[in-house]
Amino acid sequence: MNAIWIAVAAVSLLGLAFGAILGYASRRFAVEDDPVVEKIDEILPQSQCGQCGYPGCRPYAETISCNGEKINRCAPGGEAVMLKIAELLNVEPQPLDGEAQELTPARMVAVIDENNCIGCTKCIQACPVDAIVGATRAMHTVMSDLCTGCNLCVDPCPTHCISLQPVAETPDSWKWDLNTIPVRIIPVEHHA
């Protein structure tokens, strides 16, 4: 019985000693993060899609902050993210990267043909924002509110039942260009 208590005490002391060493090392060798990188990373949509040319949102945020990379390369975030980053960095907003377009292209979402879905879950594993729901050997569906249109779920699908489709424009989602609407100013007469 004494041998068991000695072993328990020895393991506890070793755990305490190694914990103290690790605690000291974590404070002694801590690396300070750039607060600007943290703020940019919080603004980005965290879809980790790679459409900006970087493997994820964090590396893109680091190159924006440290190397002066363009702020207009995040396709899933679109114009809203670019404007927030421009405001944070006090730089001029830039047109979205890609083909020159006056308006932002329509938002795309993944759509699954549920009749052909075999429930392999490969699309669920590929989705960086967990916008696809379903179970093994059961049909899957996409929650369009969460889908960023990053296209990462299309290629892994063995039955090719996933496609990207534009979101239907409604009066709420339409981007009204109010500068093109002709306005006539009518003078108002004041009577005393």
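Cβ atoms are placed via backbone N, Cα and C, with glycine included.
Checking the candidates CYS74, CYS117 against Swiss-Prot: the one annotated together with CYS49, CYS52, CYS57 at the [4Fe-4S] cluster 1 site is CYS74. Take the [4Fe-4S] cluster 2 site that Swiss-Prot assigns to CYS117, CYS120, CYS123: the candidate from CYS66, CYS157 listed for it is CYS157. Using CYS127 ([4Fe-4S] cluster 3 binding site) as the reference Cα, a 10 A cut-off selects none from the binding-site residues CYS52, CYS74, CYS120. If you take the C-beta of CYS120 ([4Fe-4S] cluster 2 binding site) and look for same-chain residues 6 or more apart in sequence within under 8 angstroms, you find THR136, CYS157, PRO158. Proximity to CYS49 ([4Fe-4S] cluster 1 binding site), judged by a C-alpha distance within 10 Å, picks out CYS150 from the binding-site residues CYS117, CYS123, CYS147, CYS150. The binding-site residues shown are CYS52, CYS57, CYS117, CYS123; of these, the one with its CA atom nearest the CA of CYS153 ([4Fe-4S] cluster 3 binding site) is CYS123.
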